[in-house]
């Protein structure tokens, strides 16, 4: 297929995909339609099989056989890991362990008198908690119940506190994040190695920059808008609203805060970093973590029947993740394969090489595309899943490691999600605080953009 036609076709379809998702169409349906459309065009223009391996014997069947092969591969591999992560996170919420961890994390805030320094520390604490509580919306609502009232009592304005809490999950750090699991799988390295050797090296400087940005930006907007410190918001009322959004959840003892840490500890201990002879994968770590939590529930006298029934929470979390996340990965890979069959990626790489544009330009382009898509759609998953599978081909064409391209893509998707007024975490947090999402994203946009810029710069230095 001619190069210029491939590029034009790819850009048109990518625009239509973004428009469809922005209009509220199910992302899976849009991505499947685009990927299948690409492959049909390829079959018409160049009647060869679209399957990477053997053909079924009929080219149109090959298109759907590719989806079957992708679903089989991802459902039993990466998909199972992501489902286990989601199930474990749901179980930690159910037994109150996530709340116990968040309550302990918020305690140091009362030791500081300056409200804006408190804001910076709040972001750092929240982003650290995100390693163990991976849901952006879930963590946001939890911190609105626990951290938000504390911040108000310390003299922080409601818009400033909401903005900080809304950005506490922007990096999707750690093995409990579905985006991290996908990135590690795409780069063909263990989740522990991706987290320790790459995410942390870039993530720590980004966290520092975003924390400082919050201190300056929230101070600026408070003065500019003349915001009163409490805005007559009743902290107890906020707690009730947040509790209503969280749903039913047990009250757990403080020591339950250790339970969400178990999978990460196992993955780091039984890895190339500590005990190299024994390896632990994500699914096993999550199941062990859930098993230990169930034993703790029995010790606390919750009853064998109730504890056995509670396993359904873990399985429901897995099922919900399959419907929302794993199917999105399968659809995104179909879309990515379609882009490759029409020659979009090969032409893009050849064009970049002919113009003398190397890795830096491609990294900026891919990061900008994903960041813009996250901003427009309010989703951190859909844009990253749609383009992550393209990164190995692009990286190979440029002669660089895949991780150098995929890490800024992953971080950008999470950061720009928090700058979108239609993202779930912003809508949830602003609703509890009684603010409009626009009021909040005015205050989150600058820290998030600075975070993306820092990611790109540090990525170039350390990777």
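Even glycines carry a Cβ here, placed using N, Cα and C.
According to TrEMBL:
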TRANSMEM  29-51  transmembrane segment
TRANSMEM  71-92  transmembrane segment
TRANSMEM  104-125  transmembrane segment
TRANSMEM  131-152  transmembrane segment
TRANSMEM  200-221  transmembrane segment
TRANSMEM  254-275  transmembrane segment
TRANSMEM  282-301  transmembrane segment
TRANSMEM  321-345  transmembrane segment
TRANSMEM  357-378  transmembrane segment
TRANSMEM  384-407  transmembrane segment
TRANSMEM  419-438  transmembrane segment
TRANSMEM  444-462  transmembrane segment
Candidate ranges 254-275, 384-407, 444-462 - greatest C-beta contact count to the transmembrane segment (357-378) (under 8 angstroms): 384-407
Of 104-125, 254-275, 444-462, whichever stretch has the most CB pairs under 8 A to the transmembrane segment (384-407): 444-462
Criterion met for the transmembrane segment (131-152) and the transmembrane segment (444-462) (at least three Cβ pairs under 8 Å): no
Sequence-remote partners of the transmembrane segment (71-92) [C-beta within less than 8 Å, at least six residues beyond its ends]: 98, 132-135, 138, 175-178, 181-182, 185, 259-260, 263, 281-283, 286-287, 289-290, 293, 310, 313-322, 325-326, 329-330, 333
For the transmembrane segment (200-221), sequence-distant contacts whose Cβ falls under 8 Å of one of its Cβ atoms, 6 or more beyond its ends: 116-117, 119-121, 123-124, 127, 156-157, 159-160, 163-164, 167, 170-171, 173, 227, 407-408, 411, 442-443, 446-448, 450-451, 454-455, 458-459, 462-463
Non-local residues, at least 6 beyond the ends, that sit with Cβ under 8 Å of the transmembrane segment (444-462): 163, 166-167, 170-171, 201-202, 205-206, 209-210, 213-214, 217, 360, 363-364, 367, 371, 404, 407-408, 411-412, 415-416, 418-419, 426
